[in-house]
Ligand code: 6R9
C-alpha cells in the first residue's frame, strides 16, 4: 500500500446535536481529556463505575505477553448478576427489560425481576445437566427471549456460550459444535420468519446424527408447536425450567473467565472462533452503549435490530443494554413481515427512542420509498445508529431526514466481532457529525491509519486502519489456535517503524483521514481496487452510484483488466419506481457518466450490470467475492453463506445472456 488512496469524495455537511440534546447528554468532553491524560486509569474508572465487582481489581492491564492481554485480572465479577440482579436490588425490578415482539404479532413485556427469575431457573437447569464453569454451550435459537435467557444463564454459571445464527445449516452447526466441543445445545422447535414457520430442531438432529459428538443433551424451547422428532438426549425447556429450584445465587468468576466464542468468517479457511472474556468486554460494552447512544435507562426505549447470532446482538442487544439497565425491544422477524411498514409500526407502538441498525436495511427502505415510514409516528426517536458497513452519505441523509425527522443525531459505529465493542464513533451528545464518516475513536481507544511500512498517513490520505494499544473488549484469541490469532491480526506491521512501541492490531479495513482528522472507512482491504495505479475504494464508487436518483443499491468490484490492472465493474439495483423508465443500456451510460462526473474519469465503471438483487450474507454484507467471479467470467465460488443462494444463479444467467 505505498500509493495513497485517492480520496475522491468530499463531504462538507455537518450536523451538531441540538442545544437541548447536548445540554441533556451525560457525556462530556472530559471523557476524552481524562482518557488522553491517563488511558488505563480512565478504563479502570469506567469498570468501577459501570459494573459491580464482587472482588475489586487492583491491576488494570497486563500486556507483558502481547498479543495476549489481561484486563482487570485479579478482579472478580458475575456478568449475569451485573445484567440482572443488581438492577432488581437497586429497586428497578419492575422496569421492562424486554418488549418482545414476535413476528406473528404475539408480544410479551418482561421486567428485570422476571428476566432475573427466568435466568436463575435456566442456570439451575444447566447445573442439573452437569454444565460446569468453562464448558461450552451451543445456542441455536430464533430471536426470542429464551435466546437472551440462555446466554445469561450460561454466563451466570461461568460457562462459555457459542451462539450460532439460526440461519446456518446443520453442517455449519456441526463444525462449530465440534470446534468448541460443546456439551449442550439449546435450540427451539422452530421460529417465525417471513410469515412462515421455519424449523430449527431438524438441523440440530442432522448435526448430531452421527452420534459421535461431544454433545450430551439438547434443550428445546417450544416456540411454534410444530412436530419434532424426539431423541434420548432431548429435553423440553419448559419441563426442565419447571422442575428446578427458583433460587440461584450468582457466584463471582475472574475477570478473564471466558464469556463466549463467536465464529466469524475470515478471508481464507474455516471460520474463526473469536474468544471474549468477562470484565473488560462488559466494561467497554456498557461504556459505549451509554455514551455513544446517550442512554437514559429510566426513559429510553432502545432497539437494536441485530440478531443475537452476530456480535452486534451480543454486545448491543444482550450485554451492553442489560448491564446499563435499559428497556429494549426484541423483534423476532424480518422487516417486511407481514407488511413493509413493520419496523416503523414497532417504533410507533413502543415509542422507541434509540434505533440501531445497518446501512443495508436503510438502503432497502430507501428503495421501497419514504411513503412507508411516513405513515407512522416516529417522533419518539431521538438517536439513530448505524453499524456493519460504511454508510454512504445519501443513505445517512435519508436516515436522518425520513426516519429522524431532520433532528436526530446519527452515530456511525465502526467495530468488529474481534473488537467486541464500538471503537470508532461519534458520541451523540457531543460530536458534530458528518454524513458517511465514522469519525473519531471513542475515549480510551487509540486508532491510527498507516501505510504498508507502518507510517502514519497524514491528513487527507488513506491507508490501513490499526488499533495501536490494547483495549478492554478486545478478543483474547482464536479458540484453539493462538498461531492463527497472531498471524491474522498482529503480524502485519511487525518490524515496521509504527510497531516500535508495541504490536499493532490490523483490522483488515482500509480507511482515510480527512483534513479534520476524521476517519472514513473504505471497506475491507480486499475491497480496495487498484485501477491504473490509483487506489479506489469500492465504497466510494458505490456511494456515488447510490447518490443517483435511479439507483437503489450498488456493489462495485475490481475485475482483472489487461490494460489497467483492475477495472471498476458495478452491479446496480434500480429503484422500483424508476425500473420501467429507461432501457438498461441507457441507464448504464447515464450512471457511468455520473460516476465520472462525481468522482473522476478514473472511477468510471468499465461495465455496469443492472440486477434485481445483490448477493448478501445473512448478516447483510454484500459478497463482492462472488460478483468478482462473475465480472471476471469465472465459475461462481462457494455461495453457502449467502442469505439467498439463488441470487447468484439469477445474476450469472443474466450475464451469460448478454
Ligand atoms: C460490528 C460488525 C466487521 C467489519 C469491519 C468493517 C465492517 C462494521 C462499520 C464497518 C464501515 C462501519 N464495518 N461497521 N465498515 N463503517 N460503521 O459488523 O462486526 O460482523 O465482525 O464485521 O464490518 O469492514 O471490519 P463484524
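Glycine too: its Cβ is placed from the backbone N, Cα and C atoms.
Copied over from TrEMBL:
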- 193, 194, 195, 196, 312, 532: CoA binding site (BINDING)
- 388, 389, 390, 412, 413, 414, 415, 416, 417, 509, 524, 535: ATP binding site (BINDING)
- 546, 548: Mg(2+) binding site (BINDING)
- 30-83: domain 'Acetyl-coenzyme A synthetase N-terminal' (DOMAIN)
- 89-479: domain 'AMP-dependent synthetase/ligase' (DOMAIN)
- 540-621: domain 'AMP-binding enzyme C-terminal' (DOMAIN)
- 621: N6-acetyllysine (MOD_RES)
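Overlay of TrEMBL feature records on the structure.
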{"residue": "193", "record": "CoA binding site", "CB count, 10 Å": "17"}
{"residue": "194", "record": "CoA binding site", "CB count, 10 Å": "11"}
{"residue": "195", "record": "CoA binding site", "CB count, 10 Å": "13"}
{"residue": "196", "record": "CoA binding site", "CB count, 10 Å": "10"}
{"residue": "312", "record": "CoA binding site", "CB count, 10 Å": "25"}
{"residue": "388", "record": "ATP binding site", "CB count, 10 Å": "20"}
{"residue": "415", "record": "ATP binding site", "CB count, 10 Å": "25"}
{"residue": "546", "record": "Mg(2+) binding site", "CB count, 10 Å": "21"}
{"residue": "548", "record": "Mg(2+) binding site", "CB count, 10 Å": "19"}
{"residue": "621", "record": "N6-acetyllysine", "CB count, 10 Å": "17"}
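Around the Cβ of residue 532 (CoA binding site), 12 further Cβ atoms fall within 10 Å across all displayed protein chains.
Selection of the binding-site residues 194, 196, 388, 390, 415, 417 by a Cβ distance under 6 Å from ligand 1 yields, in sequence order, 388, 390, 415, 417. Here the domain 'AMP-dependent synthetase/ligase' (89-479) has a mean pLDDT of 95 out of 100. Each residue contributes its Cα atom, and for residue 312 (CoA binding site) and residue 390 (ATP binding site) those atoms are 15 Å apart. Note on the domain 'AMP-binding enzyme C-terminal' (540-621): DSSP counts are 29 helix, 27 strand, 26 coil.
Reported as a whole number, the C-alpha separation between the residue listed as 'N6-acetyllysine' and residue 193 (CoA binding site) equals 19 Å. Burial estimate for the binding-site residues (413, 417): highest at 413, by number of other CB atoms within 10 Å. On the backbone, the CA of residue 196 (CoA binding site) and the CA of residue 524 (ATP binding site) stand 35 Å apart.
For the CoA site, whose annotated binding residues are 193, 194, 195, 196, 312, 532, the maximal Cα to Cα separation is 49 Å. The domain 'Acetyl-coenzyme A synthetase N-terminal' (30-83): residue composition by secondary structure is 25 helix, 12 strand, 17 coil, according to DSSP. In the three-state DSSP assignment, the secondary structure recorded for residue 312 (CoA binding site) is helix.
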